[in-house]
Amino acid sequence: MSIQSQQGQNDPERPLLSSSSLSTSSRASYGVVTDSRTKVVGLGSGIDGNALSRNEGDVTHGESFDNVPQVKRQLGLFSAIILIFNRVIGTGIFATPSVILRTSGSVGVAFLMWLLGACIAAVGTAVYIELGTGLPRSGGEKNYLEFMYRRPNFLVTCAYSIYAVITGSAAANSIVFGEYLLHALALPPTRWTTRIAAFLCLTFVLIMHGVFLKAGIKLQNSLGLFKLVILSVVAISGILCLLGVFEVQEGYEKPDNLRWEKMWEGSRFEANAFVTGLYNVIWSFVGYQTANYALSEIRDPIRTIKRAAPIAMCGVTVVYLLVNLAYYAVVSKEDILGGKRVVAALFFRNLFGEKTERALSLFIALSTLGNLLSGQFSQGRVVQELGREGLLPYSSFFASNKPFDAPFAGLFTQYVVSCAFALGVSPGDAYLFMISLSSYSSAIINTLVSIGLLLLYTKLPPFRSYEWNPPFQAPRLVTVLFCISSLFLVILPMVPPKKGTKTYESLPYWSHVLTAYAVSLIGLTYWYIQTKWLPRRRRYKLVREWVLQDDGVSRYVFRKLAC
């Protein structure tokens, strides 16, 4: 039995729009198929239509694309910038530079890697701005994949839902938070004390964003500003050291990393080393698409994302380059390569003394907390959007904003998964496996999104009929480069590690790759049972209706009609 939409509506993947939500020109611009006969069924009092955006029908803003009341759009330009900035900058800038230097062999090549990584991030940012302006609704890749890959009906939604849960896990960063917080408090970071701290951190994030939404946003913004100030202090301190205003303390080697001849000493240009270093740099820039996950809660989403994403990523790039410059101005190359501590700890030790190490640990913990707040804020919205599609179990629960006028159910889902990983997965191979699985799943999604976007540009059927014409379009070359960089992240983990090195202690190096593809079978099996096998066996067809819940959230529901 086929799945149909009520009242003759023949495109069940159509985004949630009422018949009056967009003008005809706006619909054409977004490439959305609409039907004036769409029936809206109210569940409860709902929201007064006058409470919707004052920019109704205005393609410049995009607030009318999704049926979200104006009062629920709580994020402006500043909050959107901080959301991205907080998500991108976590703990990487404090430790990754030493890894990059080790793989590159020289300061000069390390800087080239960071510049190349910034260019790749700029390419990805441009692509996601195009996608966000074309479909200005919360959910990110969920919406883009549904729009691009429409047949078979609902297949991509079910497959993506598994990836959404995996990639949304905050287990790794919560444990990092626990380790640095315990160090700052001079407590022994044992396995269980670290995990208890991680559990408390995840619980705090859930309460702030799930119960006290406005306070959670304010805290998130404050931590983002605090992070920017501290990293700026690091960068300025390094520059002042170069100018001779500050000096490396007695007893520590004075660096000579930035003289032109010294910058290129020991450069390694082997493909394997360069690729490994670049891989780490690329992941340090991941998070530029964070605002796309919460566009339904952003005021003037089209205009805002066109400004917020470039500003945030330019800020990230400047911070990364200046902080790296500061590290090399204060810490010798030999200390960075031979030290067992993160390069940021060596920086503070050389410039301000050993006693500042705990202060650094506290700052890294707070930086990680800001990263967790931004990540879980956005991932909770992705789960809510999956609930709004109506296909997954308990959809009304996941789509709801009850009882605290926030997507508590979506946030709680990610909370349960993150706690399970943080508390249940042992250190070593199992934990590294979970981190690698999450990263690789993200790479698969980005690859499918970039390929789909390239298909939208073609004149091939059926993509020609989708009329993709968003308010902002990235240059075609940019999209091609993004596709190549995404494929790079998909293919690289399949290449066997060089002799003498191992990805895992006991697991095969490809284990997380195989698992990433295998988990999609869970979603595919659910899709087949719910949309094909059960309707045929029990002789009914599924009809989808669009309803408005009494908490103001609109969603799809499925009805079973005998046939």
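Residue numbers in this text run from 1 along the chain shown.
Using N, Cα and C of the backbone, Cβ positions are placed for all residues, glycine too.
According to TrEMBL, the protein carries these features:
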type     : residues : note
COMPBIAS : 1-10     : compositional bias 'Polar residues'
REGION   : 1-23     : region 'Disordered'
TRANSMEM : 75-95    : transmembrane segment
TRANSMEM : 107-131  : transmembrane segment
TRANSMEM : 152-172  : transmembrane segment
TRANSMEM : 192-213  : transmembrane segment
TRANSMEM : 225-249  : transmembrane segment
TRANSMEM : 269-288  : transmembrane segment
TRANSMEM : 309-330  : transmembrane segment
TRANSMEM : 406-425  : transmembrane segment
TRANSMEM : 431-456  : transmembrane segment
TRANSMEM : 477-495  : transmembrane segment
TRANSMEM : 507-529  : transmembrane segment
Taking 75-95, 152-172, 431-456 as candidates, which has the most Cβ pairs under 8 Å with the transmembrane segment (269-288)?
75-95
Near the transmembrane segment (507-529) in space but 6 or more residues beyond its ends, with Cβ under 8 Å, are 152, 154-155, 157-163, 166, 429, 433, 436-437, 440-441, 444, 493-494, 496-497
Positions on the same chain near the transmembrane segment (406-425), where near means CB under 8 A and six or more residues out:
165, 168-171, 174-175, 195, 198-199, 202-203, 205-206, 209-211, 213, 376, 379-384, 387, 397-400, 431, 434
Can you tell me which parts of the same chain pack against the transmembrane segment (477-495), counting only residues 6+ beyond its ends and a CB-CB cutoff under 8 A?
120, 123-124, 126-127, 130, 275, 279, 282, 436, 439-440, 443-444, 446-447, 449-451, 453-454, 457, 509-510, 512-513
For the transmembrane segment (107-131), the candidate among 75-95, 152-172, 192-213, 309-330, 431-456 having the most Cβ pairs under 8 Å is 309-330
Given the transmembrane segment (152-172), which of the listed stretches 75-95, 225-249, 431-456 has the most Cβ pairs that are under 8 Å apart from it?
431-456
Between the transmembrane segment (225-249) and the transmembrane segment (75-95), are there three or more C-beta pairs closer than 8 Å, counting only pairs 6 or more apart along the chain?
yes
List, by number or range, the same-chain residues at least 6 past the transmembrane segment (192-213) whose CB is under 8 A from its CB atoms?
74, 170-171, 174-175, 177-179, 181-182, 219, 369, 372-373, 376-377, 380, 404-408, 411-412, 415, 418-419, 422-423
